[in-house]
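**Student:** Quick one: this structure, given as structure tokens, is what I'll be asking you about.
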Protein chains: 2
Amino acid sequence: MWATHALPRLFLTKFDPMIPDFSKGLDHASGKLLPAIAQDAVSGRVLMFAWMNQEAYAETLATGRAVYYSRSRGKLWRKGEQSGHQQKVLEMRVDCDADAILLLIEQTGAACHEGFESCFFRKVLADGEAAVVDERLVDPQSVYGQ
Amino acid sequence: MWATHALPRLFLTKFDPMIPDFSKGLDHASGKLLPAIAQDAVSGRVLMFAWMNQEAYAETLATGRAVYYSRSRGKLWRKGEQSGHQQKVLEMRVDCDADAILLLIEQTGAACHEGFESCFFRKVLADGEAAVVDERLVDPQSVYGQ
């Protein structure tokens, strides 16, 4: 199961499944939450940051569509269920501490609910203020209505 | 201060400085913590996920070197202070809700304390297990000692 071909024996870490360890997550009524980063698999752009609980992670793995946990709505958030802007998951990565998840995705439409390709559309300027530096892809009212 | 050239007037959001809003952060003894994602500015690779408190953010902005807050060590973590693997910050972005930070960086050495370029060196396989799929750049013992 290890991709040993690329690893000198000396550097092999001891066996550890290293699937996401939700026991390390943020305490929440719905269970523990781990950070999840969605990155465009082609452009490499970081599109959004969200949270997953065990159930969201399991559904993402099972369906190949990104499912997060919405803290504000208090329920699973099947990305795109309202907007149609879903995320096809091409690959998932787990970090060294097994407490952060990276999703390499194919984004339909705009990842950001404000209509931008990425939620990170504001750049911090040298004076510490921030400015919108990207263009909107879609008008959020046309996607989410009023 | 807005990069208005690219934005149709209709789409301009109301004025909001949208600097990171630490009041939305994770509760911690050191103050509120916001998620911070470090991405290689050239390759686009997501290198690591960490946390920042207000002090870490302010020092990052002032020095141009990534400073995080280490929850395990309970103090500011000036990335590379022990390993020499520091991160020069070329750009910072703030997300739509002003509660997540993206750093575009130039990484010296390996971002991961296990000697990999990125902390996300484990890929989740179809069966839900994970495997190391990257090569180590450096032997962590040579960097951090025993």
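A Cβ is built for glycine as well, from the same backbone N, Cα and C atoms used for every other residue.
Reproduced below are the annotations present in TrEMBL:
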- B:D95, B:D97, B:D99: Mg(2+) binding site (BINDING)
- B:C96, B:C112, B:C119: Zn(2+) binding site (BINDING)
- B:48-121: domain 'Phosphoribosyl-AMP cyclohydrolase' (DOMAIN)
**Student:** Which of B:D95, B:D97, B:D99 (the binding-site residues) has the most other Cβ atoms within 10 Å?
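**Tutor:** When each Cβ's neighbours within 10 Å are tallied, B:D95 tops the list.
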**Student:** Round to a whole number and give the Cα-to-Cα distance in Å for the pair B:D95 (Mg(2+) binding site) and B:C119 (Zn(2+) binding site).
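**Tutor:** Each residue's Cα considered, B:D95 (Mg(2+) binding site) and B:C119 (Zn(2+) binding site) end up 22 Å apart.
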**Student:** Once the chains shown are all counted, how many other Cβ atoms turn up within 10 Å of the Cβ of B:C112 (Zn(2+) binding site)?
**Tutor:** 23
**Student:** Could you say which of the binding-site residues B:C96, B:C119 has its Cβ with the most other Cβ atoms inside 10 Å?
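**Tutor:** Sorting the candidates by Cβ neighbours within 10 Å, the top entry is B:C119.
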